[in-house]
Amino acid sequence: MSPPVLQASSPQQQIAARGATGAQGKRKEIEGLRTVAALLVAIYHIWLGKVSGGVDVFFVVTGFLITLTLVGHVRREGRIRPLSYLGRLARRVWPMAAVVLLAALAMTVVIAPEALRPRNFSEVLASALYYENWFLAENAVDYLNQHDPHTPVQHFWAMSVQGQFYLTWLVVAVAAWLLAARGARRVDVRRFVAVLAGLIALVGAISFAWSLIQTAGNQPYAYFSYLTRVWEFSVGGLLALAGARLALRGRAAALASWAALLGLFACGLVLPVEGAFPGVAALWPVACATLLLVSTREDERAWSGTRLLATPAVSWLGAMAFGIYLWHFPILIGYRYVHGTDAVPGVLAGVTMVLAAVLLAIAFHYAVERPVARGWRPGPAKPVIAAALIGSWIAVVALSYVGVRDSNEVAANSRQSAAQAADELGDCFGYAAKDSAGPCADELASAPMMPARVGLLNDTGRAYDCYSAADAKHLRTCTFGTGSVRVALVGTSHAAMLTPLFRAAARERDWQVSVMTGNGCVWSAERAGGQGISERCGTRIQETEDQLFGGEPFDAVVFAGGRNPGMVAPDRIDEAATNWRALRERGTDVVVIEDNPRNGEDAARCITESSEEKLRAGACDVSRAEATNAPDTLVSTARRIEAPVVTTLDLYCDDRTCPAVIGNVIVYRDAHHLTLTYERTMAEELFRRLGEHIPSGRP
């Protein structure tokens, strides 16, 4: 049986409909479904800060329409025309995307806080090159970037996934054509559809299985991965190929359509979406989209959900759904930049944002998308349109690349300036000025603040090159120096951020330093073979244990990062103490570095957005009681076995306050990680204290 006839008001669906059948049927409810999906995404982002399931609906509908398009190529011409297919896709998806990306670049330059500009430029570049989903996947796994402020184009991850799908489906369709043609110049359409259905089902089954596995093992990465999303497109593709054979009619269709609509509205409210997608939880919105696609309107019942979706106003707005999706997020982020807060907007502000997204989508649909669509027809305008599309893409890529390059240059110059400032300001720079703010006031007022905000988030000095990411199956270990005193540094990200200091200490103190840090799965309270440990964590803990207990004993093991409950939970102090005693029985000293305070997200935002004058005046300082509210369980464990503790709170705080800036140096690069610039100013004092418990290898 032939696929269902499809024609809708938007350029996207008209292409799919004509390509699939060349007939004149209408499925206006699909446009209405796109409207609902776009508005759901916007509403959930603005007011709830959650996943709505709307993106999953887009994926199913896209799989449905693109599959019809490819079948239409074979039905009309007996073969697939890749250049025609890709050209039509480019003129359909790129014009609005180009406008939004250019707007995001302008927003970055004009109103974005300086500290956020490098990340914005990087993500615009990733979005233009259609790998934003992989960029975010890598950073979602990187604990240090999980809490970075959102960029105006973070939602382009879904566009990147769709772009990768377009290419994948072309390859799948060409493979199906080759298998069905068996050397013939034209192919039987029925055979092609059968082979294509088999390949789509196979790809979808593999993707769904992988989605379950990766979501269970590393959900943040899985959320953005294309490989875990292919099955959603496959569902849409199989629905397109099945055609009327799966169609519901009459009362069943009406009931199913309302059940699907209500299910979509409730998805983000009912499911624990933040930690569940795209595994089993994604079946919910996919099932809702499926029910709506198979619910026909032949009976035209007045109370049918599909009839509501097909009403002129709702279906007309569906042509703008792509634009609504693209515009809503830059508007939301721009609002946050201007108001300096991540707080949920009020009703009036939120409604204004949604209306602004709708109006911008409508305006640029008629100003850009429709003229491009009309100009794409054979004629003298088509080469001009093609050149404009290519030129706009080159412009976005070039401008964002220049932004990334210039930001990196400013950050590099800032690092050089910091070294120079340390020499020029002496005791008035960084930690050295902590107790001499008065005498240093005049010198500091005229000196630039370090590090420059444009390089603030990346002021790490490659501290995390030896850091095991959350999804790492094996421990990443680095060893520095060849000295006679062997020291191991063990912990999470707060231990890892000290790596550059320990690297320098290896040279200066004749140490051999082994760094064993990572996001979770850290040896302390846990031992290899313990109950409830995943296979991945078990492997990393075992590898740490092999190094700590195998071969010649370390002279000392230094633990750091105790305010993170993932290091030693408060109820696991006894287990950690037992494990540390085992280390000491081998002749290894155990030393704990007290963790730095945690100033919080509000202070981090204040640092990125406030002027230097406000920073110097203490606008972003946090009370010591608030910053040290989380207990340091490593210190508690050390005291349980009477192991030495290197106290550090006085390196960051006075009796009442933990300043954001000390001696013209910004102390924190986010809510609780130190800047390398400040670390270096306190390194001498930190290692003087640590040296009281770990001897130098030098005579």
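Heads up, the Cβ atoms here are built off N, Cα and C, so glycines get one too.
Record features (TrEMBL):
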type     : residues : note
REGION   : 1-21     : region 'Disordered'
DOMAIN   : 28-364   : domain 'Acyltransferase 3'
TRANSMEM : 32-48    : transmembrane segment
TRANSMEM : 54-72    : transmembrane segment
TRANSMEM : 93-112   : transmembrane segment
TRANSMEM : 163-180  : transmembrane segment
TRANSMEM : 192-210  : transmembrane segment
TRANSMEM : 230-248  : transmembrane segment
TRANSMEM : 255-273  : transmembrane segment
TRANSMEM : 308-327  : transmembrane segment
TRANSMEM : 347-368  : transmembrane segment
TRANSMEM : 384-404  : transmembrane segment
DOMAIN   : 466-685  : domain 'SGNH'
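Contact check: the transmembrane segment (32-48) against the transmembrane segment (230-248) gives fewer than three Cβ pairs closer than 8 Å, residues 6 or more apart, which falls short of the contact criterion. The stretches the transmembrane segment (347-368) and the transmembrane segment (93-112) meet in space: the count of Cβ pairs below 8 angstroms, excluding pairs fewer than 6 apart in sequence, reaches at least three. The transmembrane segment (230-248) and the transmembrane segment (93-112) are not in contact, since fewer than 3 Cβ pairs between them lie under 8 Å (pairs 6 or more apart in sequence). Of the two recorded stretches, the transmembrane segment (192-210) lies close to the transmembrane segment (54-72), with three or more CB pairs under 8 Å once pairs fewer than 6 apart in sequence are set aside. Across the residues of the domain 'SGNH' (466-685), the predicted structure has a mean pLDDT of 90.
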